[in-house]
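Student: Pasting a structure below so you can have a look.
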Amino acid sequence: MTTALEEQNTQQASVAGRVVRVIGPVVDVEFPRGELPALYNALTVEVTLEAVAKTITLEVAQHLGDNLVRAVSMAPTDGLVRGAVVTDSGKPISVPVGDVVKGHVFNALGDCLDEPGLGRDGEQWGIHRDPPPFDQLEGKTEILETGIKVIDLLTPYVKGGKIGLFGGAGVGKTVLIQEMITRIAREFSGTSVFAGVGERTREGTDLFLEMEEMGVLQDTALVFGQMDEPPGVRMRVALSGLTMAEYFRDVQHQDVLLFIDNIFRFTQAGSEVSTLLGRMPSAVGYQPTLADEMGVLQERITSIKGKSITSLQAVYVPADDYTDPAPATTFAHLDATTELDRAIASKGIYPAVNPLTSTSRILEPGIVGERHYAVAQRVINILQKNKELQDIIAILGMDELSEEDKITVQRARRLERFLGQNFFVAEKFTGIPGSYVPLAHTIDAFERICNGDFDHYPEQAFNGLGGLDDVEAAYKKMTEK
């Protein structure tokens, strides 16, 4: 919350209460009259289980009246009993901020997992903060060049914007996020913060080891609240990561990238907490506060004058249903959407971005330029026409198409393959080096393909390569054989 509120809360620190009820991760605590902790305050309680002492952190979620508060535990409550003494910290959950967090792994409470105790002696910020004032927001729109052809041409990302990666399980959301972290560190020497929300512990370990191996870990802070942890942790880990990113933006005046994998798990954790707190469920069983919780997180991810937080959020789509309230609520906050399609992945084209359903609000002539916009529209029109012709091809075959339509289909197939690209993070699996294609080269390449300059090249020459130089090299190799 605000600094004034934190100062007020600090004055109330060390107030002691006692546990009166424990139901799973929900704990009711009674405090002396007139000394109730504020909402979102962190409470601590000492627990001994099998001769091992530990401290459990709780977060105040509700005031029940009669000097009672209902809190959500940030750890398993095994061993917690009625009558246990609970201490009010007088402030929200706080995490370390600054250069000390780079290259390390933290949990949602700000505890360093790879170097215990790191950062606790330095500056810390509460995870509940207000968004920047409206008059401080940046009004300028700028493209974030990624070097990934399909993204830069058809769904350009906004510097300081919010981008959603939509897709079902196993279509490449996490791989694309890892690739973006690598590219930002290599090309821009930028600071990144990765928030792992409710995902697999194995994925977090793999990410840490891969980033260490590729030499980008020193510019990245990682915050994890994985799927084996209580819902309170999974609901707060995104805010913890965002708070670290805000410090780099507001104090160190850096452009920061915030990666959230997976924003659906944030919603899912909120639903679990809502049910545990006894709230009436809303549509499809989600919490009635879904839109509010999403807004509180997303409104803090923004650009202020001279510095920005650009957020890339993986969005799991339950059963590939885009009308589900969780992805639908996320849509409203995004500047660009990148939809990963299982049908494209099944063709072996990666990244499996669907160019016809992915969108960007800045794909306009006034922002990206007339030529970029014109080439992007030509590519989309060819791919759309090819899609419309698929039913005719399936029933009657290619021979029944007009000559013009045959050319359209052949160019569309080349475009589809050329939209694929080798990734740096996939080098060790494919044995093929990753590629960074500048935006100017991308526009030129797709314009030439649309013009028919490569109609005599076989489709195989366009498979998942970088720029036109790679295509020409592949064609030369094929003709030599």
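Residue 1 is the first one shown; counting continues down the chain.
Heads up, the Cβ atoms here are built off N, Cα and C, so glycines get one too.
According to Swiss-Prot, the ATP binding site annotation covers Gly167, Gly168, Ala169, Gly170, Val171, Gly172, Lys173, Thr174.
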Student: Ala169, Val171: which of these binding-site residues has the sparsest Cβ neighbourhood within 10 Å?
Tutor: Ala169
Student: In the structure shown, which of the binding-site residues Gly167, Gly170 has the fewest Cβ neighbours within 10 Å?
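Tutor: Gly170, out of the binding-site residues Gly167, Gly170, has the fewest neighbouring Cβ atoms within 10 Å.
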Student: Rank the binding-site residues Gly168, Gly172 by the number of other Cβ atoms within 10 Å of each Cβ, and give the residue at the low end.
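Tutor: Among the binding-site residues Gly168, Gly172, the sparsest Cβ neighbourhood within 10 Å belongs to Gly168.
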Student: Return the count of C-beta atoms lying within 10 angstroms of the C-beta of Thr174 (ATP binding site), excluding that atom itself.
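Tutor: Other Cβ atoms within 10 Å of Thr174 (ATP binding site): 21.
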Student: When you average the Cβ positions of Gly167, Gly168, Ala169, Gly170, Val171, Gly172, Lys173, Thr174 for the ATP site, which other residues in that chain have a Cβ within 8 Å of that mean position?
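Tutor: What remains near the Cβ centre is Tyr316, Leu340.
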Student: Taking the Cβ of Lys173 (ATP binding site) as reference, which residues of that chain separated by at least 6 in sequence fall under 8 Å from it?
Tutor: Leu165, Gly167, Asp261, Asn262, Ala314, Val315, Tyr316, Leu340
